Amino acid sequence: MPYEKKAVHFGGGNIGRGFVAEFLHNSGYEVVFVDVMDSIIESLQKTSTYKVTEIGDDGEREFTIDHYRAINSKNEMDKVIEEIATADVVTCAVGPNILKFVAEPVAKAIEARKLDYPIAVIACENAINATTTWRGFIESKLSEETKKNIDSKARFANSAIDRIVPQQPPNAGLNVVIEKFHEWCVEQKPFENGGKKPDVKGIHYVDDLEPYIERKLFTVNTSHATAAYYGHQNKIAYIHEVLQDKKLHDIVRDAVKETANLIVKKHGVSTQEQSDYVEQIIKRISNPVLKDNVERVGRAPLRKLSRKERFIGPAAQLAERGESYQTLLGAVEQAYRFQNVEGDEESVELAKILKEHSPEEVVTKVNGIEKGHALFDPLVAIVKKVQGS
């Protein structure tokens, strides 16, 4: 069937296929996947459908995803540009570090765009204001003329996504198993005055995204990663098993008690509402049905230890406010101990950095915290401890 709406999505991974494409497909969009991985693109090109299975406490639901196309941007860049230039929406789920590599085709497509309405640009990443970051890379490749009239060609909206994609069963192919719970919040202001807001079932449009992003990142990601790093140190395989250990369960709860204090005081969320949210998250990550692997959740420790991320982001703000952040510091220590894990390049790089640099250099380089900040000395003490053991 011919589709009236088209979305181009960068990233053929599990989040792309199982979350973003599922929402777009169920809202009547033709989805065009773009990736550089030959195996994923070839599989998508050879297969006309794949299945998304949503799992939860109350059983499973299965969806079939079809009417998609796939392009390898490594050798068909012109085609990618043409698809974006004629699309309604362009999204990505590639990892925050890859945004700079998926900017050029979008910039060229914006330059070439002839449609009389702007394309919606939405990054679906686990990072604060990822679309703004992507926009910076895109605009650096635009002509001055296009930059001046950017609103007529493109609208950039930040988003917050929340959905756990556990380790997939072997031989799953393109099929994706994903948790039933989902939240996708998108700012609506960028679509005012001539913008075209994507009509996607399941997107929750909000005026101010920051409370949603910080609530999600500093609750879901903080609790998930805290469980993973403590679990790894205790040689536990799955997240739900970590949370079955009373001592570790209490540590995870204490970490999100500290971040809840920040969310309530900074964003004016009621204590009860945040407490209910925390309960919901602890229940989600404790779900044995997800069989969520500790090493999968812990991977990429350098990114997770960085300045705006799940530990240092809230801990720095709490330190600036003179509030408690001790449990978060404990989680930071465990994250620093996530070294040389098989299949995770960042954990190897982390071990190298700890070996070659002074504690002060490590804190500045890895955590992005400068001398003089209230968090600097406590972090230096943590790094010294890890280096000494």
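Yeah, the Cβs are placed from backbone N, Cα and C, and that goes for glycine too.
Computed from a predicted structure; not experimentally measured.
In this structure, Ile15 (NAD(+) binding site) is part of a helix by DSSP. If you look up Swiss-Prot, you'll see Ala7, Val8, His9, Phe10, Gly11, Gly12, Gly13, Asn14, Ile15, Gly16, Arg17, Gly18 marked as NAD(+) binding site.
Taken from Swiss-Prot, the feature active site covers Lys216. According to its DSSP assignment, Lys216 (active site) is helical. For Lys216 (active site), applying a Cβ distance below 8 Å and a minimum sequence separation of six or more within one chain yields Ala160, Asp162, Glu183.
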CB contacts for Arg17 (NAD(+) binding site) [other CB atoms within 10 A, all chains]: 27
CB contacts for Gly13 (NAD(+) binding site) [other CB atoms within 10 A, all chains]: 18
Per DSSP, three-state class assigned to His9 (NAD(+) binding site): strand
